[in-house]
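Notes follow once the structure below has been shown.
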């Protein structure tokens, strides 16, 4: 049974891990292998982000990942590519600050698709909300090296601000590791993304289990 948009967005509002592909850091494993391990370990949101492949390769990978996410009842969010999102029937698209504005993308995709926007500042958060984004990516919380030109860390203070004032769900991202995850949760984040910590792990399933344990222990406390 397919989820309504509101049910999908509930995943962003709850304590959750937001999975992200990053083949460059995956120790020789393919995006498909990594996504399968994430889904088998209970991750319900997958963002396909791949900057250095041809459009044809991205399309073919996305089709495979879409099938996997359907099997596991998970969401697929496509980074940057509005057309690719539509072609593979993904659940939504994630836009960077250099991409098209969310309000213009909404005109193309309509109300049923989820639109996320990367943000680094309070002004960008407020603009994303104003433009009708469904959620934001907030970061990098700590120093991060997954992007070619990383933004300076925004720190836990910004996470605290978003937890209090942001009117839509946010995903804390950037430099989050097993050892500092609890600090991010304490600052008010619920949905978190640990990119290289997961994809670069020797044992992805075991790593995700440890992360879930930290999240569940925090929820109980």
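Glycine too: its Cβ is placed from the backbone N, Cα and C atoms.
Summary of the site annotation: Swiss-Prot records 4-amino-2-methyl-5-(diphosphooxymethyl)pyrimidine binding at 47, 48, 49, 50, 51, 79, 118. Screening the candidates 5, 8, 13, 147 against this entry identifies 147 as the one listed for that site. You'll find the Cα of residue 48 (4-amino-2-methyl-5-(diphosphooxymethyl)pyrimidine binding site) roughly 16 Å from the Cα of residue 99 (Mg(2+) binding site).
Counted within 10 Å of its Cβ, the other Cβ atoms near residue 118 (4-amino-2-methyl-5-(diphosphooxymethyl)pyrimidine binding site) come to 24, all protein chains included. In sequence order, 20, 21, 22, 80, 94 are the residues of the same chain, not among 47, 48, 49, 50, 51, 79, 118, 147, whose CB sits within 8 A of the CB centroid for the 4-amino-2-methyl-5-(diphosphooxymethyl)pyrimidine site.
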